[in-house]
Amino acid sequence: MRPSGRTAQQVRPITLTRNFTAHAEGSVLVEFGNTKVICTASVEENVPRWLKGKGKGWVTAEYGMLPRATHTRNRREAASGKQGGRTMEIQRLIARSLRAAVDLEALGEQMITVDCDVIQADGGTRTASITGASVALADAINHMIATGKLKSNPMKGHVAAVSVGIYNGEAICDLEYLEDSAADTDMNVVMMEDGKMIEVQGTAEEAPFSHQELLDMLALAQQGINDIIEKQKAALAE
């Protein structure tokens, strides 16, 4: 039995609230249960120096957590003068995931930066960030089309992510903190809506997992991501 009473394949209640902030071209409050992340997509009419003159755009991301997003206060990374390794790993994952969903040549020499700020953490902050960032990115691109900065949509499709793991000997989907902290295996999966995988990150925390357990977790991830992408589509249709 899971702490929340969910079935093995059941994701948490997911909410995607668009236009959550006033100034960004795309903004979303994404909620996976008690995990809440604000994702804002900002458009700039320039690209990194190494891309100038190449006719391609760029999509990047930054990630951070409020000090009291967790049970006890964490010191702001800005106060220590540098980002932690976990933060850098997560924001690179978010950026890679979003770039996989965009035709950078069709974007032209423009850059979109997606900021993912965790305001409350209960497991799965990176997967929630990717899911919300995809919707914020879609809104930013639609804004670019509406304002004449793009002639066509460079997005190849929706991208979403979910965590899976082995908890109490069972493969489960979308782990909350109580499950994540006690899981034998923890894995994050990022997929496009056509089912193609962008990233699979998996680690045996307490005990090695079998090939069959890997297949079971990937099957749960695909089912969960299919459900999440339907929620993305519904949010963008509103």
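Placement of Cβ uses the backbone N, Cα and C atoms for every residue, glycine included.
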Given Swiss-Prot lists Gly124, Thr125, Arg126 for phosphate, the same-site residue among Arg86, Arg99: Arg86
For the phosphate site built from Arg86, Gly124, Thr125, Arg126, further residues of that chain with CB within 8 A of the site's CB center: Tyr63, Ile90, Val118, Ala121, Gly123, Thr127, Ala128, Ser129, Asn188
Proximal but sequence-remote residues of the same chain as Arg86 (phosphate binding site) (Cβ under 8 Å, at least 6 apart): none
